[in-house]
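Step one of this worksheet: look at the structure below.
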Amino acid sequence: MQGSKGVENPAFVPSSPDTPRRASASPSQVEVSAVASRNQNGGSQPRESEDPQKSTEPSPPSSTLPASDEPPGSQLSELEEGPCGWRNFHPQCLQRCNNPKGFLLHYCLLALTQGIVVNGLVNISISTIEKRYEMKSSLTGLISSSYDISFCVLSLFVSFFGERGHKPRWLAFASFMIGLGALVFSLPHFFSGRYELGTIFEDTCLTRNSTRCASSTSLLSNYFYVFVLGQLLLGTGGTPLYTLGTAFIDDSVPTHKSSLYIGIGYSMSILGPAIGYVLGGQLLTMYIDVAMGQSSDLTEDDPRWLGAWWIGFLLAWLFAWSLIMPFSCFPKHLPGTAKIQAGKTSQTHQNNSTSFQHMDENFGKSIKDFPTAVKNLMRNTVFICLVLSTTSEALVTTGFATFLPKFIENQFGLTSSFAATLGGAVLIPGAALGQILGGVLVSKFKMKCKNTMKFALCTSGVALMLSFVFIYAKCENGPFAGVSESYNGTGEMGNLTAPCNANCNCLRSYYYPLCGSDGVQYFSPCFAGCLNSVSNRKPKAYYNCSCIERKVDITSTAXSPDFEARAGKCKTQCSNLPIFLGIFFITVIFTFMAGTPITVSILRCVNHRQRSLALGVQFMLLRLLGTIPGPIIFGVTIDSTCVLWDINECGTKGACWIYDNIRMAHMLVAISVTCKVITIFFNGLAIVLYKPPPPGTEVSFQSQNVVVSTITVEEDLNKIENEG
């Protein structure tokens, strides 16, 4: 072997028209490419060894190769494996993290932070933000959707250009944007001034004058744009995390371990909302203006109470920015990536439209290549089927994640806070467990692409059978005065106003349910005709109620007045809650067990160079067809079961107060089963259409085009033999 640069191979670094150069390659790298070339040439030459270490011709160690005459940093190969650090600073302590497990740890922390902010703190703070900044629900709904809008717009471009870039540095950028988004989201608190308490509202029958219709505007609602900006920044940070980060993990580990690592990473993004809800819930018990203190007579039960929603976003900002430095120190590829890729075999779906044979090694560097790359992906029928199956599943999962607490609250007569706690206790652990189990099973049995899709099909089938649990969870509505029950035989059905409360001028926009001693539920103390209350009792008690027929005294204390109603809903006679929660928990596990296998199948069925873009297309369509319309479809469906609407003094319809429980259960079953059937159909179609490549086909990782790499390596080998 002669020369000062060893074996030259332009396949490792795409040539540039301005500065054409050839990067050095070790003999082991040459042999890996040579083996791939023999496979691509139809096996005309016998294959010597799959392992570069077992070559019949001994290779000298890389340390014996002469040093390059090129300046430092100029001989970078496409596989830039190296130590952890920055430029020439590589502390030994950082090298312990320079492996897949070290990267996975930081990936999980960032995914956890993103989940805490986007799906935890934002959701639990929405109602507080509505009250503090006097916004309508339509505006806060747009705030929530801004994250998905940003993700959809950027996912394709980030995944396309980031595929050839330095993925860990992209994740450092993601950490910066997630932290910045959390910081911006908290800024309105610091610029809106001190929260001003209004007068307490007592909704008893005070024989007051009717409230006039008045509309007012507030400058506080202009902070809406700041919240939207924060969500857009969060979406910008989330895009590289779930596209480039997932592809980097898949690069760095063997095929059979990829599903395990991806499953663990995705499970952290699911546990994030749980932590966000717990953290946000605790912070909401603190008064909003922490530094100024609170009034001594103001408690959490007061309708005027607002919690310190903003503190959690500041904590997330600091934690996200603490991950910027760790991600920036990782090399472009972890040590050992080339050896791992050399041992992988291709599972790309084979047909005439997905060959992705581009003769230009610079393909993918220019925006002009973007339409061609997307068009190539869209022609991959297996990929499209898998994406459509995930969008259908995302529609139903996001719908249930949004409205499951409402379903539990109305079906079983629970408070909204307790219903939300039960919903989170079922959804989040079940989803995380399902993601991990799916990844573990695929990894343990070393499933190929087709078997992975079959596994996802089976888990979706089990989830379909369990979806009928909502039929058995249905509970009939209890008696409600003015809705399903008359006021002691007076008044009209469907009208909350009756002769017993006609002079009270009650507000229908103020829903404060109470249970009468007659077992009937009333809309509010005012509509029950109650004149007095005792607030030092838990729950609050009311008496002198003209609309309640006295039957049984709630209290047995002789010295106390005759209480006729207590605050809160009447207890339901439905006892199916434990069974429903148990079966639904199992349903969630099987639903999310298909998540990781489908992601792995998408990574396998597309060209190796298009994995990041494939994930970008998947997440874009998943949001456009799944997570964005999902809550809307569920919301419209649930609203169709409403029997009593909030109508204010201006005649404007607001939220729904009472639902038809039986109809709601049937409608949710219909949506769930329909989406599951669509998921199973496209999953099964992907299995039927999938055509694996010939056995032994290796993954082309080091160049855009295997043919170009093959010809170049053979020319270099011939040159060496002639010189030798």
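Glycine is treated like the rest: Cβ placed from N, Cα and C.
If you check Swiss-Prot, you get these features:
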type	residues	note
COMPBIAS	25-46	compositional bias 'Polar residues'
DISULFID	CYS500-CYS530	disulfide bond
DISULFID	CYS506-CYS526	disulfide bond
DISULFID	CYS515-CYS547	disulfide bond
DOMAIN	494-549	domain 'Kazal-like'
MOD_RES	SER15	phosphoserine
MOD_RES	SER16	phosphoserine
MOD_RES	SER24	phosphoserine
MOD_RES	SER26	phosphoserine
MOD_RES	SER28	phosphoserine
TOPO_DOM	123-141	topological domain 'Extracellular'
TOPO_DOM	194-218	topological domain 'Extracellular'
TOPO_DOM	291-306	topological domain 'Extracellular'
TOPO_DOM	399-418	topological domain 'Extracellular'
TOPO_DOM	471-580	topological domain 'Extracellular'
TOPO_DOM	639-672	topological domain 'Extracellular'
TRANSMEM	102-122	transmembrane segment
TRANSMEM	142-162	transmembrane segment
TRANSMEM	169-193	transmembrane segment
TRANSMEM	219-249	transmembrane segment
TRANSMEM	270-290	transmembrane segment
TRANSMEM	307-331	transmembrane segment
TRANSMEM	377-398	transmembrane segment
TRANSMEM	419-442	transmembrane segment
TRANSMEM	447-470	transmembrane segment
TRANSMEM	581-603	transmembrane segment
TRANSMEM	613-638	transmembrane segment
TRANSMEM	673-690	transmembrane segment
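The predicted model assigns the domain 'Kazal-like' (494-549) a mean pLDDT of 84.
Under DSSP, residues within the topological domain 'Extracellular' (123-141) fall into helix, strand and coil as 15 helix, 0 strand, 4 coil.
Here the transmembrane segment (270-290) touches the transmembrane segment (419-442). Their Cβ atoms form 3 or more pairs under 8 Å, with each pair 6 or more residues apart. In sequence order, ASP203, CYS205, LEU496, THR497, PHE523, SER524, CYS526, PHE527 are the residues of the chain that are 6 or more apart from CYS506 (disulfide bond) and have a CB within less than 8 Å of its CB. Note: the topological domain 'Extracellular' (471-580) comprises 10 helix, 25 strand, 75 coil (DSSP; helix = H, G, I, strand = E, B). Comparing CYS515 (disulfide bond) with CYS530 (disulfide bond), their Cα atoms are 12 Å apart once rounded. For CYS500 (disulfide bond), other Cβ atoms within 10 Å of its Cβ number 20.
The stretches the transmembrane segment (613-638) and the transmembrane segment (447-470) are not in mutual contact, being linked by fewer than three Cβ pairs under 8 Å (pairs 6 or more apart in sequence). The local packing around CYS547 (disulfide bond), expressed as other Cβ atoms within 10 Å of its Cβ over all shown chains, amounts to 27. For the transmembrane segment (673-690), the list of distant contacts is 349, 381-382, 385-386, 388-390, 392-393, 395-396, 449-450, 453-454, 456-457, 460-461, 463-464, 467-468, 594, 598, 601, 605: same-chain residues at least six beyond its ends, Cβ to Cβ under 8 Å. The Cβ of CYS515 (disulfide bond) has 22 neighbouring Cβ atoms from other residues within 10 Å, across all protein chains displayed. Counted over residue pairs separated by six or more positions, the transmembrane segment (169-193) shares at least 3 Cβ pairs under 8 angstroms with the transmembrane segment (102-122), which defines the two as touching. Here the disulfide-bonded residues are CYS526, CYS530, and the one with the most other Cβ atoms within 10 Å of its Cβ is CYS530.
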